[in-house]
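Participant: Below: one structure in C-alpha cells.
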Amino acid sequence: MRTHFCGLINETLIGHTVTLAGWTDVARNLGGVCFIDLRDHEGIVQITVDSRAIDQNNSELFKVASGLSYEDVLQVEGVVCARHAVNDKIKTGKVEVIATKIKILNKAAPLPFHAHENPGEDIRLKYRYLDLRRPEMQRMQRTRIKLVQALRRHLDMHGFQDIETPILTKATPEGARDFLVPARMHPGEFYALPQSPQLFKQILMVAGFDRYYQIARCFRDEALRADRQLEFTQLDMEFAFVSERDVQDFVEEMIRRVFKEVAGIELDTTFPRMTWKEAMRRFGSDKPDLRINLELIDVAALVADSTFTPFTDAVAHPNGRVAALRIPSGTVLSRKQIDEYAAYTAKYGATGLAYAKLAPTGEITSPIAKFFSEDAFASLLSHIGAEKGDIVFFGAGNYNKVSDFMSALRLKAGKDFALITADWRPLWVTDFPMFEWDEEAQRYVALHHPFTAPAAIDDIDELRAHARTALSRGYDMVLNGNEIGGGSIRIHRPEMQRAVFELLGITEDEARAKFGFLLDALNYGAPPHGGIAFGIDRIAALIAGTESIRDVIPFPKTTGAQCLMTDAPSPISEEQLSEIHVITKKTTP
C-alpha cells in the first residue's frame, strides 16, 4: 500500500516514484496549485498538484485535492522533486512529491479539534484517538516506548528473566484499597487486582530464579491527581543474594544508561546518598528536589526563650518543630502575596506562617519581632543566614506537619523566584524508619511495606524493644523531587516476618489467612533477597517534559476515575450481576 514513510522522504529519492499513505494535515488551494501536507507517524511531506499542467489526469487530481478536509486518509503516488521554497522547520523541507495519483481511503467527519490545536483535557480524553495524532502526543508516547525498550534491553543483557505474575490474585492489606473481582465459580469470594507483584516476586526468589523483572500493570483504588492513576505501569525487579548497595549500584547504572540512550540526558556518575532523617531535616521531604538551593533550618533552641506561644508550644512538645526558610531577595513580596503564601501552606496543615523581612537598608520588619529581645531576634536571623533583601518564613507545630507545609513552601518559592536550575539531580534516600506510629489507630504502620527487613537488627526481641526507633533496609531513588523508584531488602526468615506482622497489629490468625503462602515459602530455604520498582509513567513524564503522567499514558482515566472515550465505568445488567452473585446497593447523595 506504500513504499515509503512520509517523514523519511529526502533528497536521495529525487526522481524516484513513491507511494505514500497518511492523513491530510493541511490542504491549501493557492490559485490553481494545491499543496497537501501529508502526515504519517514519521512526519510530514508536501504533496503538490498543479492544475495548470497540460494533463487531463492533473485536472482530475486537482479536483480531488481541492476537495480535501482535515484528517482525510489518502494514498498518494508521485515523483520526488527538489522543493523551490525550502522549509527548514520540517525534516522533509527540501523536497516535495508531485502527485500523479491520489486515492481517498477514508473521509474524515468535521473534527472537534484540529491536530495542531491544544484543547481542554476533557475533550482530548473524549476523542483520545484524535489527541494521540497530535505531534506532541506522538512524541511523548514514543518516549515511553523507547524507555521500556531500553530498560528491557539492559535487563536482558544482564541475565534478568522476564516472568509474568498473576493479575487475579488474593486481597492483601498493602496500603491502598484493592480493586475486587467477583469469583463467579466461588460465590461470595473475590479476587483482587495486584497493587504490585511484591509477594510473587519474593516467592520467585524462593523458587531459585535469582534475577527477575517484569513490566507490570498495577492497580490501586485511590484518589487521583496529576501523578497518580488507578492503573499504572512499573518496572518490577528482584535479586537473590544481594545487599542494598548491590541493588543500588546496578539500578544506578541502568538509569544512567537508559536516560542517555532515550533522551541524551547525562546523569551524575555516582548518585549522592542521604538518610531519611537528613532529608526531612534539610528539606522537609523524603523526596527533596535538589535543584532548589533552599533549605529548612531548625531554630527551636533559638526561639525557646521568646514569648511567642506557637514557637514555645512547639519547643515544649516532644514531637514539635520550629523551622525557618530563607528566600533570597524575598522582600519584594507584598503583604498580599505573603498572605497568599500563608493560605497556600494552610492547605498542607499550617495554622499560621510567621515571617521577617530584612530591607535593603537593614531594617527588620516582622509581626513576631515584639516577642523577642532585639539581640535575640538579630541572633536568630544571623543563625539562619538572612541577608539584606531576604525574607524568612517560620513554621511551628507538629514535626511532620511543619515538614509538610514548609516543604511545600520551599517548592512554591523555588518556582515563584525562578530558583529551580535546569538540570537533573538524582539521589538515594536511605535509612527510613521501620515503623510509624498511627495516633488514630494506636498502632504501628509500616513506612515502606510489611515485608521490608529491619536494619542492623536480627533479634526479634530487640526489634520489639526498639520498634519506635528501628530503621529499615528500604531505599528510594529520587529525581528532581519525584520518587521514581522504591525498594528494600526483604525479610527472608519466617520468624522475623511473623514478628513484624505482630508489631503491625496483624494477629497470627490474620497473618495466616492473608499471608500463609508467603510464611510457608519462607520456611523452605528462602535466600536473602531484595529489589526495587520504578514508576514507568512517572519516568516517561519526566523525560518527556510534562507534569502529568496522563500525557504519557495512551488511555488514562480522569481525576474522576473515568475513561471519557469508552464511558467506563458503566452499569451492567441485573443478569450479569446475578451470574457473579452480586447485589448492588444504591447510596443517597
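Placement of Cβ uses the backbone N, Cα and C atoms for every residue, glycine included.
What Swiss-Prot records for this protein is below:
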BINDING   Glu174, Arg220, His448, Arg490  L-aspartate binding site
BINDING   Arg220, Asp221, Glu222, Gln229, Glu483, Gly535, Ile536, Asp537, Arg538  ATP binding site
REGION    198-201  region 'Aspartate'
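Give me the lay of the land around each of these features.
Facilitator: For the recorded site, Arg220 (L-aspartate binding site), the DSSP three-state label reads coil.
Of all Cβ atoms in the shown protein chains, 22 besides its own fall within 10 Å of the Cβ of Ile536 (ATP binding site).
Per-class residue totals from DSSP over the region 'Aspartate' (198-201), listed helix then strand then coil: 4 helix, 0 strand, 0 coil.
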Participant: Which of the three DSSP-derived classes (helix, strand, coil) applies to Glu483 (ATP binding site)?
Facilitator: strand
Participant: Grab the same-chain neighbours of the region 'Aspartate' (198-201) for me: Cβ-Cβ under 8 Å, and only residues 6 or more beyond its ends, written as numbers and ranges.
Facilitator: 165-166, 169, 172, 174, 212, 214, 236-238, 449, 451, 515, 517-518, 531
Participant: If H, G and I count as helix, E and B as strand, and all else as coil, what does DSSP give for His448 (L-aspartate binding site)?
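Facilitator: SS state of His448 (L-aspartate binding site) = coil.
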Participant: Among Arg220, Asp221, Glu222, Gln229, Glu483, Gly535, Ile536, Asp537, Arg538, listed as contacts of ATP, what is the widest Cα spread in Å, to the nearest whole number?
Facilitator: 20
Participant: Whole-number Å only: compute the distance from the Cα of Glu222 (ATP binding site) to the Cα of His448 (L-aspartate binding site).
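Facilitator: So the alpha carbons of Glu222 (ATP binding site) and His448 (L-aspartate binding site) sit roughly 17 Å from each other.
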Participant: Within 10 Å of the Cβ of Glu483 (ATP binding site), how many other Cβ atoms can be counted across all chains shown?
Facilitator: 17
Participant: Going by Cα-Cα distance, which of the binding-site residues (Arg220, His448, Arg490) sits nearest to Arg538 (ATP binding site)?
Facilitator: Arg220
Participant: What mean pLDDT does the predicted model reach across the region 'Aspartate' (198-201)?
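Facilitator: A mean pLDDT of 97 is what the model gives the region 'Aspartate' (198-201).
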